[in-house]
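What follows is a single structure, written as structure tokens, with notes after it.
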Amino acid sequence: MPIVLSKIRVQLKGLRPAYASGQQWGDFNLALVIVAIVVCVLVFIFNLYLLVNYQHPDDKNQAYFPKFVVVLGLSVAAISILMLPADVANRQACQHAIYNGACNLTLPMKDLWLAIYIIDAILVFFVIPFAMFYYEGDQDKTIGKRIKSALIWVVTTAIVCGLVLGILYGVIGKVDFTVRHLSSSTVQFPSSFQFSSGQPCVSNGVRQCSAYDASPSSETTWTMRSTFPEYVVALATIVGSVLFSIFGGVGIACLPLGLIFSFIRRPKAVITRSQYIKEATELGKKARELKKAADALHQEERSGSKGRKWRKNTKALEKELFHLEDDVKALEEMYPQGEKAETTWAMTVLGYLAKLILGVFGLIVSIAWVAHIIIYLLIDPPLSPFLNEVFIKLDDIWGLLGTAAFAFFCFYLLLAVIAGAMMLGLRLVFITIHPMKWGGTLMNSFLFNVALILLCSISVIQFCSTAFAYYAQATAAQEIFGHTLQSLRGIKYLYKYNIFQIAFVVLAGLTFVYYAAFGWRRKKPSGRFQLSS
């Protein structure tokens, strides 16, 4: 007995370093909380910087509520993407703790994910529409009337959406899980243990449990009703996945290739003064024509004749104005003015060189993304974990290096969605044009793009948690986007047959072919107004 007790004491002493390691990782968790708070503050400051520099001069010192919604929405979208790497780091923080209580400073990721989803849904379906209706309301009305009008539109939209969601939830709001009944007979306990991966069970002969070879007839479907919040999140994810597969597939190719071909189409030299005067005169004439058209539309608005024709003409005018601003910018690049004209031209040249470098780097990342989707998601069984292994090896080099690379790939996917939305929004007639321009973005365009980013951010998170399931295993995000979402009745086949991933890869390939065939050409506006040859 004393010998046994001494052995136990030795084993307990051997456990003390592991417990100490858990305490150290607990300190790491405290650092993770501090890093998360600092990142949130930096994201808010950066989005405020974007708002100040992208806003239109007409919106300065006014429209404070839409501006607050824009900053809040952009911050929620960015933080939601960065929460997935934080979830991975949060899991890794306690991987060496001997028990859960030895590492009790982890982030409450489930509660944080739930809070993000609730804020996301409220912003997309209620706050942003209200801000858009309020901003686009008749400026001649009082603030009270504009708020009343915006509330009527939002409440009407909410009632319609609520009825549709309620009907769908009542009819098909169930989850179908495929289960198999397994059973095995008992055998005599062996006198010696000789188990391995090829001999996992206690049995004679083939060394396999009886339940291992269960017949297909033992499979059955276990049905249960999902909770209403889960169903709402699932439908929002489906809508976001449709937009994500379209915009993301196009953007993953056009984001880097657009930068590269922008360098190819760059102005090669400064034009002469006579050429500048000729082009500036032509643009001045076009600007006066646009002003007359804008005055006429404003007069129609005052008279109350805001029909379909008026809205169509307004959109056409916005499109022409957008192209005219591009022409003015191109002309300013080709003929810089002022005392520091040479410096301005040098900065223009350096800017295009930076686009080339970023474009080449982005092209490598885009190719890696598409290759990973094909290798890991579309081929069954996967050929290789690919990027999952890369992140794990980077973590072995330095604790958070793999997590940082993982965060970059997730955030790059969101940038690709934004780039694809901007490209298609200027070419498809059924999408309202809401361009984002440095120093020329109206608040309604800001709000539209923020809603689009928020709606797609949920799908980006779901897509990344699936694409990097090996690296992000045992996280709260993977639990949320696990079998429940992919087993919902009516939409489970979209995930079973990888419809969104296939659409993403196909659109990425078509966009690459399009840019290879036409991207090298000098880009001309599709409207009537353009620089004369």
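Numbers run from 1 along the shown chain.
Glycine too: its Cβ is placed from the backbone N, Cα and C atoms.
Per TrEMBL, the features are as follows:
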- 280-334: coiled coil (COILED)
- 30-52: transmembrane segment (TRANSMEM)
- 64-84: transmembrane segment (TRANSMEM)
- 114-135: transmembrane segment (TRANSMEM)
- 147-172: transmembrane segment (TRANSMEM)
- 231-264: transmembrane segment (TRANSMEM)
- 356-379: transmembrane segment (TRANSMEM)
- 399-426: transmembrane segment (TRANSMEM)
- 446-471: transmembrane segment (TRANSMEM)
- 499-518: transmembrane segment (TRANSMEM)
> Any chance the transmembrane segment (64-84) and the transmembrane segment (446-471) are in contact, meaning at least three CB pairs closer than 8 A with a sequence separation of 6+?
Replying inline: yes
> Who are the chain neighbours of the transmembrane segment (399-426) in space, where the CB to CB distance is under 8 Å and they lie at least 6 residues beyond its ends?
Replying inline: 28, 77-78, 81-82, 84-85, 88-89, 92, 243-244, 246-252, 254-255, 258, 322, 362, 365-366, 368-369, 387, 390-393, 432-436, 449, 452-453, 456-457, 460-461, 463-464, 468, 471-472, 526
> Cβ pairs under 8 Å with the transmembrane segment (499-518): which stretch of 114-135, 231-264, 356-379, 446-471 has the most?
Replying inline: 231-264
> By Cβ distance under 8 Å, which residues at least 6 away from the ends of the transmembrane segment (114-135) in the same chain are close to it?
Replying inline: 63, 65-66, 69, 72-73, 76-77, 79-80, 83, 146-147, 149-151, 153-154, 157-158, 161, 232-233, 236, 443-444, 447-448, 450-451, 454-455, 457-458
